[in-house]
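Right, one structure below, let's go through it.
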Amino acid sequence: MKITFKSSLTILITIFSIFLVFLLNDEGEIPILFNLLTFAGIYGLAAIGLNVHFGLTGLLNFGHAAFMGLGAYVTVLLIPHAAGREGVVITTGLPFFLALLIGIISAALFGLLLGLPAIRLRGDYLAIVTIAAAEIFRLLVRDLESVTGGVYGIINFSNSLQQYRSGFIDNFASANDLNPSQIWIAFLSWTSIILVLLLLRRLTNSPWGRALRAVREDEDAVRALGKNAVWLKLQSFMLGAGIAGLSGVFLAFNYGTIQVSTFVPILTFYVWAIMILGGVGSLTGPIFGSIIFWVIISETNGIAQLIFENANGQQIAGVRFVLVGLLIMLLMIFRPSGLMGKKEELLLDVK
Amino acid sequence: MIEQLGNGLLLGIIISVASVALSLLYGVTRIVNFAHGEIIALGAIATLFLSSPVDSRVIFLDRFSPLGNNFYISVFISVILCGLFGGILEFFLFRPLRKAEVGNIAVLVVTIGLSLFLRHIYLLFNAKPQNFPLELQRRETYIFFDMTPRNFRVLILGIFVMVLIGLFLNYTRMGKAMRAVRDSNDLASVSGINSDNIILFTWISSSMLAGLAGVFQATINDVRYNMGFLILLLIFAGTVLGGIGTSFGAMVGGFIIGIVVNVSVGLPFMEGHTEAKNAVALAIMILILLFRPQGIFGEKERVS
């Protein structure tokens, strides 16, 4: 990331929003901050994956929740867990990192499958296909109770990952009165973000990355130069889906349970809001977008209390989604390039 | 399987009317409107608010009291209100975006934000599923399917409305102008059609139809804040199946989807998986998009 006016301003806004957490909360600032940083890490990773689809390649993907869900379900089902109404305990399983690898590969393969329509369809049609495919995924997961636990979900799988937790995480957590499992997830997701970003920076600066951006700008020109535009699109779909799968795994381990209701369209819209806020097409944008987004989310409770006396959970959730919707609309109307995006790199028209 | 046909026809009429509305809007403006479901819900919620007995204070934050109007007058006012709302959306949101030459994909994302925004405004007002203030009715047999007399009337009214739309599009000046703008905005402008007015009119009529579909849905089922979003994908499926942008196709496509969703419950591999019945319709939609993107009745055009 070059230090430009835009990036310094973004960093300033991010720091200010973190400062806001301290300003608006009288007590428990540190737990609130680390809770939101955990979510920011997980969702930021998902937004980076979405940015590979939309920002780098121009593929309109509204089924991101399904990629995250598939990665999470496959990984968790391969390690020891308990699933379903009866809580059937399965004690045998693969080592965590092997399961994670298979989970990510499954998400990527699902990306390949969903990428097939992308070869033929124009942007807005692809949006409908991806959101429908995500809905089919959700309905099937809900329906196949014998495998996925259906609406009862899956529990008791956290230990496979938490057993690797380092001592310094425990020390840090106990010193600050935090939940060590969550801090471990936060640490892993932010580490993954750094690794993924390093990988993506290499990729986007390579001939492959340039060809990908060329697909976004003018597919026919890419074809004319003898590049396989179809295969490039599919590779992009797989890469982004794999990153989403990884973030889905972290999301599941952060909750400690896995539920159908986690991987719903609203999750996709959260990730979209983060990506647009951070900047479409910008590699580092989603990180800042994610932190600022989660500061807003974590303060909705206070906003809801301003509107309703003693707001209940449903009202708080309502206010939160109203804000997210408003954020998406206003950004798209007034600043579609977000904080870090380049206006000239925006692909917002149907090709 | 045959007993599901009645339910299929009822779901079909809801999706059909809503699909025609979506298809009209897409045809004329090229906007894929994800907020369509929220206009559907608005029709139902407004009717509920206007027609519920004055003393039923459960809805609307316990602050506003429902108005207790006659049900049919409430439906009429609600449909007009939905049209007005569609007009306001076009005038204050989508027309400025069009004038600023914002691309279709950006507008699509705006409609997604709008959908999220409106849906949860409804949630803040009214979270619990509620029924219209209508008495319960017993099912009766019509030809070979069972439904209540009220639902049968919904079906007949829906078919009547769609015949009207068909006649309107084919034989009135306004309808012809709408089809002209749909086929080519530039050519229509050259022939002296004010495309801004046509688009405004399209928004109003599309929203009125959506509101009516919402009243149908709530009469057959109930009023929920997310009722429109729940059937939005089925509406897309109906629209795509018939051929996106074609009105007649959307009518037929909507009916097919409604029937497929309900009849698929009777298929052998669906036994014990009734919850997943919507998945069948969505899978059909994806296959149609893959192999015949122009739908059943659409004309071939480049979609890649």
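Note that Cβ sites are derived from N, Cα and C of the backbone, with glycine treated the same way.
A quick note: this is a predicted structure, and the numbers were derived from the prediction, not measured.
According to TrEMBL, the transmembrane segment annotation covers A:7-24, A:30-50, A:62-83, A:95-116, A:123-141, A:181-200, A:237-257, A:269-296, A:317-334.
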Relative to the transmembrane segment (A:317-334), which of A:30-50, A:62-83, A:95-116, A:269-296 accounts for the most Cβ pairs at distances under 8 Å?
A:269-296
Sequence gap of 6 or more, Cβ distance under 8 Å, 3 or more pairs: do the transmembrane segment (A:269-296) and the transmembrane segment (A:181-200) meet that?
yes
How about the transmembrane segment (A:62-83) and the transmembrane segment (A:123-141): do they have 3 or more C-beta pairs under 8 A, pairs 6 or more apart in sequence?
yes
Can you work out which residues elsewhere in the same chain, 6+ from the ends of the transmembrane segment (A:181-200), have a Cβ less than 8 Å from its Cβ atoms?
34-35, 37-38, 41-42, 44-45, 48, 52, 158, 161-162, 165-166, 169, 172-173, 243, 246-247, 250, 253-254, 256, 283-284, 287
